[in-house]
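Notes to accompany the following structure.
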Amino acid sequence: MKISKVSITKVFTFDSAHSLIDYPGKCKNIHGHTYKLEVTLKGMPDKNGLVIDFHDLNDLVENEILAQIDHKYLNDILDFNPTCEMLGLWIWDQIAKKIKDMECSLEKLVLWETPTSYITIDAKDMKE
């Protein structure tokens, strides 16, 4: 069997509140979301056939990143306007730092703010 790079995806949910700064619409008021986060890593399977153990990816994202923002008011934690776009970029940076010494790369991140609205960040766009 030919071994090639494989993409793996893990899905997470978390709840946060925020208000948008200098925004004229109703989202300037404090409100909350149940976010859905999809994290996709890419790499060559190791000798055990894994790009990364799903449990290890879960621990990394849940305990080291989402624990900072889950059930929190984002405006008190983050130093930027906490739009879905900016929150997604922040999560991307946090994950990228955590996996920089691993044999895989962050390929894609999808952050759902509502069941019908989401942002997507692709690695190819982050290299520009």
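Cβ coordinates are placed from backbone N, Cα and C, and glycine is handled just like the others.
TrEMBL entries are annotated by machine, without manual review.
The feature Zn(2+) binding site is assigned by TrEMBL to His18, His31, His33. Around the Cβ of His33 (Zn(2+) binding site), the same chain contributes Asp15, Ser16, Ala17, His18, Glu113, Thr114, each under 8 angstroms and 6 or more positions distant in sequence.
According to DSSP, Cys27 (active site, proton acceptor) is assigned to a helical segment. Note: Cys27 (active site, proton acceptor) has non-local neighbours Ser19, Leu20, i.e. same-chain residues 6+ apart with C-beta under 8 A of its own C-beta. Under the heading active site, proton acceptor, TrEMBL lists Cys27.
The local packing around His71 (active site, charge relay system), expressed as other Cβ atoms within 10 Å of its Cβ over all shown chains, amounts to 11. Under the heading active site, charge relay system, TrEMBL lists His71 (among others).
Among the features that TrEMBL reports, active site, charge relay system is placed at Glu113 (among others). In the three-state DSSP assignment, the secondary structure recorded for Glu113 (active site, charge relay system) is strand.
Taking the recorded positions His18, His31, Glu113 in turn and counting surrounding C-beta atoms within 10 angstroms, the largest count is reached at His18. With respect to their backbone Cα atoms, His71 (active site, charge relay system) and His31 (Zn(2+) binding site) stand 12 Å from each other. For the recorded Zn(2+) site, residues His18, His31, His33 set the reference point as the centre of their Cβ atoms, and the other residues of that chain within 8 Å of it by Cβ are Ser16, Ala17, Ser19, Cys27, Ile30, Gly32, Leu74, Glu113.
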